[in-house]
Amino acid sequence: MNKIYCILFLSAQCLVHMGKCEPNQKPSRLTRSAKNVLLEQEPMVERSTRMSNPWKAFMEKYDIEKTHSSGIRVDLGEDAEVGNSSYRIPAGKCPVFGKGIVIQNSEVSFLTPVATGNQKLKDGGFAFPQANDHISPISIKNLRERYKENPDLMKLNDLALCKTHAASFVMEMDKNSSYRHPAVYDEDKKICYMLYLSAQENMGPRYCSKDAENKDAMFCFKPDKNETFDHLAYLSKNVVNDWQNKCPRKNLGNSKFGLWVDGNCEEIPYVQDVQAKDLRECNRIVFEASASDQPTQYEEELTDYQKIQEGFRQNDQGMIKSAFLPVGAFNSDNFKSKGRGYNWANFDTENKVCYLFNAKPTCLINDKNFIATTALSHPQEVDNEFPCSIYKDEMEREMRKESRNMSLYNVDKARIVLPRIFISNDKDSLKCPCAPEHITNSTCNFYVCNCVEKRAEIKENNEVAIKEEFKQDYQYAQGESKNQMLLIIIGITGGVCVVALASMFYFRKKAHNDKYDKMEQADGYGKPTTRKDEMLDPEASFWGEEKRASHTTPVLMEKPYY
């Protein structure tokens with residue numbers, strides 16, 4: 001067995017070494033003379049071909065399509081069954097800071113409870129009506145008192161607790177429904193509001209009336225980020241509990257979003273520019289242009305205002321669902337954005353221009369005249385701390401990794417492999433073949449090496465792609481990597497099978513030998529109080545009988561009780 005394990009171990013080591021090898025790995029670069037004497041003593045410096053992005057982890061929360069996965073301006077990204085009907089409900093995974101609902105030509109706040117009983121339709125808002133159990137609005141202090149026996153809820157931050165509270169209530173008419181109410185959290189007053197209505201926009205003379213005097217007509221409303229909503233956060237049932245780590249909140253000062261292109265963060269070339277007097281206005285503009293799940297068409301039957309009025313007065317969900325609990329986007333277009341839209345912007349504080357774009361940013365450019373913002377971000381809060389050491393730290397990590405690989409595989413140690421990072425606040429670490437250029441607007445004192453040929457470029461759709469002349473190298477490397485991975489998987493699978501077969505053979509042989517070993521235990525035979533199945537020794541004599549004739553074939557016998 002030890003030999004088998006040694007063989008398997010050596011095979012695994014061989015496969016690991018094969019997996020680590022680079023497809024275009026060059027032989028040792030030691031140069032010899034005619035007499036085989038080493039001429040080069042200085043280590044050779046070369047540039048790695050691997051294109052890694054030091055911003056990858058930092059920028060994960062700004063991948064809004066992945067982190068939020070639903071509309072922002074209007075969030076109706078999920079369907080829920082209630083009874084026999086399908087409703088659209090908010091489903092975003094991140095809070096939308098500063099978002100509220102404006103009821104046009106009305107002084108009523110959307111956080112006012114919906115109209116019930118004899119109230120006029122326009123006297124109410126969107127919030128949950130009064131109930132026997134006071135569940136909304138409710139302060140965070142009272143929420144923590146309410147759930148003090150639940151340690152898991154007590155660990156949640158205020159926004160997560162508000163969302164969880166609102167999502168804990170089910171429809172009376174269908175307790176098995178996945179329908180859950182959205183919520184709004186007031187950070188100034190520390191109050192949690194449950195929203196009775198999931199709809200966020202209803203516009204157009206065909207569907208609503210802006211006439212403030214007509215109190216019983218359907219009111220018009222739309223989402224907005226204005227100054228009165230700065231302290232609010234709109235929450236769906238899907239907001240993650242650790243949203244601080246996974247979602248953007250503060251805008252990024254001294255920064256603008258960019259695209260990582262083979263060693264440097266470059267500006268996004270294709271953008272929409274809009275004049276904006278300040279950051280708040282730019283944030284509001286990007287919110288208006290952001291991902292939206294709002295349907296573009298509605299069913300013609302949405303003109304029966306009397307039915308909707310009665311629905312509110314009688315608290316009849318079936319009557320009001322056409323307007324406020326949208327049934328499959330009003331049975332016309334069930335559009336879901338999945339978070340795709342103009343969700344990002346760079347605000348130029350000097351020229352007062354807001355640059356919008358719909359491509360996921362992959363890095364940050366350090367620029368003292370810019371602020372990077374998103375449609376999810378707070379309208380005013382700014383974090384001015386730029387991670388100045390990110391490039392230097394990544395270069396040191398990459399070089400330590402290369403050094404370990406060289407030591408492990410006995411690669412020529414007279415070789416230094418530099419990572420493909422051409423920007424840093426440590427000019428000497430760039431090892432640039434030309435004089436590095438100093439970035440004037442940088443608050444981090446960055447230098448960039450512009451004389452190394454880039455292997456990637458930005459296309460017209462703001463996507464980064466490898467240049468044609470280098471594609472074959474990376475395709476070959478990817479193919480080799482897949483082949484090596486396949487070899488490793490095959491090797492591991494084969495090794496497991498060999499170990500299993502060897503183990504089975506070993507234990508079967510051991511069990512077989514144990515049976516024969518009992519033939520040497522003649523002294524124990526014939527004891528009247530013992531009942532065992534044993535192999536009969538040819539010299540044994542049971543119960544006064546003569547010896548057995550067979551001296552070659554052991555026989556399994558059972559001793560009777562006396």
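Using N, Cα and C of the backbone, Cβ positions are placed for all residues, glycine too.
Swiss-Prot records a disulfide bond between CYS388 and CYS444, which is the match among CYS432, CYS434, CYS444. Looking at 44-68, 244-268, 419-443, 519-543, the stretch flagged in Swiss-Prot as region 'Disordered' turns out to be 519-543. Taking Cβ-Cβ distances under 8 Å and a sequence gap of 6 or more within the same chain, the neighbours of ASN226 (N-linked glycosylation site) are GLY100, VAL102, ARG284. Between the CA atoms of CYS247 (disulfide bond) and CYS432 (disulfide bond) there is a gap of 37 Å. Of all the recorded positions listed here (ASN84, CYS94, CYS208, ASN441, CYS451), CYS94 has the Cα closest to the Cα of CYS162 (disulfide bond). Close to CYS192 (disulfide bond) in the fold, though at least 6 residues off in sequence, lie SER136, PRO137, ILE138, SER139, ILE140, LEU143, LEU161, CYS162, HIS165, ALA166, ALA183, VAL184, TYR185, ASP186, each with a CB less than 8 Å from its CB. According to DSSP, ASN405 (N-linked glycosylation site) sits within a helical segment. The Cβ neighbour count for CYS94 (disulfide bond), using a 10 Å radius over every protein chain in view, is 28.
Checked against CYS208 (disulfide bond) by C-alpha proximity, the disulfide-bonded residues CYS282, CYS388, CYS449, CYS451 yield CYS282 as the nearest.
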